[in-house]
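Working notes for the structure below.
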Amino acid sequence: MAFHQFAPSSSLPIWSRVNNPFTPKTSIITSISKPKSKPKSNLKSRSKLRSRSRSSTCYPIQCIVIDNPSSTIINNSDRRSANYGPPIWSFDFVQSLPIQYKGESYTSRLNKLEKDVKRMLIGVENSLAQLELIDTIQRLGISYRFENEIISILKEKFTNNNNNPNPNYDLYATALQFRLLRQYGFEVPQEIFNNFKNHKTGEFKANISNDIMGALGLYEASFYGKKGESILDEARIFTTKCLKKYKLMSSSNNNNMTLISLLVNHALEMPLQWRITRSEAKWFIEEIYERKQDMNPTLLEFAKLDFNMVQSTYQEELKLLSRWWKDSKLGEKLPFVRDRLVECFLWQVGVRFEPQFSYFRIMDTKLYVLLTIIDDMHDIYGTLEELQLFTNALQRWDLKELDKLPDYMKSAFYFTYNFTNELAFDVLQEHGFVHIEYFKKLMVELCKHHLQEAKWFYSGYKPTLQEYVENGWLSVGGQVILMHAYFAFTNPVTKEALECLKDGHPNIVRHASIILRLADDLGTLSDEMKRGDVPKSIQCYMHDTGASEDEAREHIKYLISESWKEMNNEDGNINSFFSNEFVQVCQNLGRASQFIYQYGDGHASQNNLSKERVLGLIITPIPM
């Protein structure tokens, strides 16, 4: 695979554009000897839940155990408090969850249904009907079980039409095929939609507004557009107007919502490309597919059973994590930190939902806990002097620095050490590679950018939007999350990719992190301003331009849309040394961000909507 250099993003001018397993014992690894031969294991598909026991194979590890380190007391000035409430998902509640959909009888039934659906998918003779079935399977959340078959079908359709969608299709069929092909990395030209433009005016034909399914399909397809694809930009603007007009007319009828109306409202709220698979699957099963007259009972039963069985896997993982969290006593040692283990796990349902990735979800949840601790320490509790000391200690990776830290920071520092070393041990087993230096550098960079925001806050400095975003996409932790994901979903790892992740800030990581940062700002602004914080992107834009808050929010949404175009550029990019699987994780981080912060601060706040989302995706099965 060819390599290429990632240049700094050329989209910076848009910032100012007015338009649119920690254990209580602190065992710290200081060196790891590389094994002579690579152990045979599979990090990304390790689905057996572990209690952190290790195999009998041992590698030389030098450790330092510190009991009751000395503490230097730093003046305890009045500290800010976010007054985070206790978690609504208690340890006893999580441990009491019944694992309903486990066992041979469910597995046997699922396997039979899977074979039936596979025959159904392959046996469809009508080309459009086959595309519609693929779309339905995707929206039901079960396409991951038929990836090879779907790719084979789409590849055949692509090559049979000289690498273009079928020219004889109407708008609905053309948009559907375009979206599915783009989704799987096929280079489909946007010019196919010129067939639906008025050749005299160059605008989309007005009668498209009468074809709601066609307009809806074109709207969804437009969100697979890449930077500079003006036809798809025009399509999005045009179809948004069409769909909003239809929504207004439908709402005035005061009748029960039709399925088309539900689909239109759902799409206008957030397009398919930006939605997480599990949430979309639950909504589509319960609100759309069950109510369709042509619903296939086999397909519906399979989708429900798969959803519930995967949910049972999540419940097992969450039980393990809740025991880890309780045993760590971090909630007691760091009472100022958001105690949101279940919410940290909910992120993982958006990032990689498939049942075989249990290990990744467990470790990534612990990473989110670590990032939450560091975030709250910088944003809420730590003094500027303490935060500088913490960054220095992390940068030097020197235990002697701990004597300068207050006790609460020692706990945070030990957790960072232990978690980094646990990850390093697993990466060593999987890849025969010691990655501590890479992960450590990103953790130091993360804290430096957090420290910058703390300096802004204490000095009263108001950054420009460009200053804020250039610092904020690095302080939000996306690059740390995705470094972990790279090792989990890449084999073999390459030196070039690692150096790029560590130093080069690749475009896909940058823009996934920008979406994370900006979605966070949209959802948390009001709460963070109440407790006092550095100005967020919305306020920075208002200060830069004199815009109202509503105008600023629209501009931030526009920036998110522009970052999605940049990420779309990576789909099927043969010049990238990042795998399609890693690109998908980057995109899923963007999706999970928009899901968590869609209606407010879904990470910290525990309102009814946040509770319903946890219940729907992790706790309560879909009725069979």
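For all residues, glycine too, the Cβ spot is worked out from N, Cα and C.
With a 10 A radius on its CB, Asp379 ((2E)-geranyl diphosphate binding site) counts 20 other CB atoms from all the protein chains. Here Swiss-Prot flags Arg338, Asp375, Asp379, Arg517, Asp520 as (2E)-geranyl diphosphate binding site, drawing on similarity to another entry.
According to Swiss-Prot, the Mg(2+) 2 binding site annotation covers Asp375, Asp379, on the basis of similarity to another entry.
According to Swiss-Prot, the feature Mg(2+) 1 binding site maps to Asp375, Asp379.
Annotated Mg(2+) 3 binding site per Swiss-Prot: Asp520, Thr524, Glu528, in sequence order. With a cut-off of 8 Å between CB atoms and residues at least 6 apart in sequence, the same chain places Lys536, Tyr597, Gly600, Asp601, Ala604 near Thr524 (Mg(2+) 3 binding site), listed in sequence order.
Feature annotation from Swiss-Prot assigns compositional bias 'Basic residues' to 35-53.
Sequence annotations record features per position, and here Swiss-Prot assigns region 'Disordered' to 27-54.
A Cβ distance under 8 Å defines the sequence-distant neighbours of the motif 'DDXXD motif' (375-379), meaning residues of its chain 6+ beyond its ends; these are 82, 334, 336-338, 387, 390, 408-409, 412, 447, 450-451, 453-454, 477, 528, 533. Residues or ranges marked as motif 'DDXXD motif' by Swiss-Prot on the basis of similarity to another entry: 375-379.
Taken from Swiss-Prot, the feature transit peptide applies to 1-50.
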So what pLDDT does the motif 'DDXXD motif' (375-379) average out to?
94
Inside 8 A of the center formed by the CB atoms of Asp520, Thr524, Glu528, which other residues of the chain have their CB, for the recorded Mg(2+) 3 site?
Asp521, Gly523, Leu525, Asp527, Asp533, Lys536, Tyr597, Asp601
By the count of other Cβ atoms within 10 Å, pick out the sparsest of the binding-site residues Arg338, Arg517.
Arg338
Give me the CA-CA distance between Asp375 ((2E)-geranyl diphosphate binding site) and Glu528 (Mg(2+) 3 binding site), in Å, as a whole number.
13
Non-local Cβ contacts of Glu528 (Mg(2+) 3 binding site) (under 8 Å, 6 or more apart, same chain)?
Asp379, Lys536
Are there any residues at least 6 positions away along the chain from Asp520 ((2E)-geranyl diphosphate binding site) with a Cβ closer than 8 Å to its Cβ? List them or say none.
Val476, Ser593, Tyr597
Considering all pairs of residues in Arg338, Asp375, Asp379, Arg517, Asp520, annotated in the record as contacting (2E)-geranyl diphosphate, what is the maximal C-alpha distance expressed in whole angstrom?
18
By a simple count, how many Cβ atoms lie within 10 Å of the Cβ of Asp375 ((2E)-geranyl diphosphate binding site), its own Cβ left out?
19
